[in-house]
Structure formats: C-alpha cells, structure tokens
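Copied over from TrEMBL:
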BINDING   Cys145, Cys148, His149  heme c binding site
SIGNAL    1-23  signal peptide
Amino acid sequence: MYKKTLLSCVAGALLATGGIAVAKESPYSDPEPAIEYRQKSFSLIAANFGDLVAMLKGKKEYDAAVAQRRADAVAALSHLPLEAFAVKGSNEGDTKAKPAIWSSWSDFEEKMAALQSASTELAKVAGSGDMDAFKTAIAATGKTCKGCHDDYKNK
Ligand code: ASC
C-alpha cells in the first residue's frame, strides 16, 4: 500500500517535470536512440503483421508454422515501443509522434495495451489453420494499429 502511494508520487513528480513514468525502462535514455528504437520496433511489427495480412489475402500461401512465428513476433514486439515513448525529450526530433501522446498519456497507454492484447489473441489462432478465427483476429489487431495512428501519428 505504502509502496503504491510512493510510486504514484514518483509518477506525479515525473509528469510534472515533463517525463512520463512507466513500469519498464527503455534500453535507451537519450531521445534520439529511443526514437530510433521505437521506430524499429514498429517496423518489425509492420513486417510481421504485413506478412500475416498477405497470407490472409491470399497474396502468399498460408503456412501455419510461419503464421505462428509472425504472430508470436508481433505479440512480443508490441511490448517494446511504449517504454521508449516515455523517454524524456523523445517528443522532439525525427519523429512522426504527435504531441497528443504525452498530453493524453494514459489513453496512449491504453491503446498500446489494446495492441498487446489483440496480438496475443492473434497468436492463439494464427497457427491453428482456422481461417475464420485468423481473419477476425487480424482485423481486430489491425484496428488497434489504425486506432492509435489516427490520433497519435503524423502522416
Ligand atoms: C499494417 C501496417 C499498419 C497497419 C494498419 C492497419 O500492416 O503497417 O500501420 O497494418 O494499416 O489498419
């Protein structure tokens, strides 16, 4: 209980000074490498998710083992970007991230969490060969990508 109160005080103090408190720390604490780290994470998410979409659309033959690997990758990678957005000063620089991320931090966190849970669900069905479930889970995951980009990513 005491620990929780202390943590929320620390979080409040960080927010007041322009930093954002998250449970995990990015491997980088300087803005430039943190921006690069989250961009690379998103690139890998897009590459893996894009391959799943290609299989769904029949642009590529569905392969259960490959689909499983791609979906596992997306689910794991989905946990990486958030902590790098929390790096102080990473709102400025070579980034398409909108300032709204930091002014609506808890909503942004929720949207990142939505990607994490949708991709975890996708990973449960991607290798099953059940194409209906695959389609539903891909649509749900893609919706979380788009939902966040609409509010928080510049074109
Ligand atoms: C992708 C990709 C995105 C999302 C989005 C889903 O493959 O790179 O940003 O899917 O288009 O709506």
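Including glycine, each Cβ sits where the backbone N, Cα and C put it.
No curator has checked TrEMBL annotations; they are predicted automatically.
Note: Cys145 (heme c binding site) has non-local neighbours Phe49, Leu115, i.e. same-chain residues 6+ apart with C-beta under 8 A of its own C-beta. The residues near the heme c site, meaning same-chain residues not in Cys145, Cys148, His149 whose C-beta sits within 8 angstroms of the mean position of the site's C-beta atoms, are Lys111, Leu115, Thr144, Lys146, Gly147, Asp150, Tyr152, Lys153, in sequence order. Around the Cβ of Cys148 (heme c binding site), the same chain contributes Phe108, Lys111, Met112, Ala114, Leu115, each under 8 angstroms and 6 or more positions distant in sequence.
The Cβ of His149 (heme c binding site) has 15 neighbouring Cβ atoms from other residues within 10 Å, across all protein chains displayed. Secondary structure from DSSP puts Cys148 (heme c binding site) in a helix.
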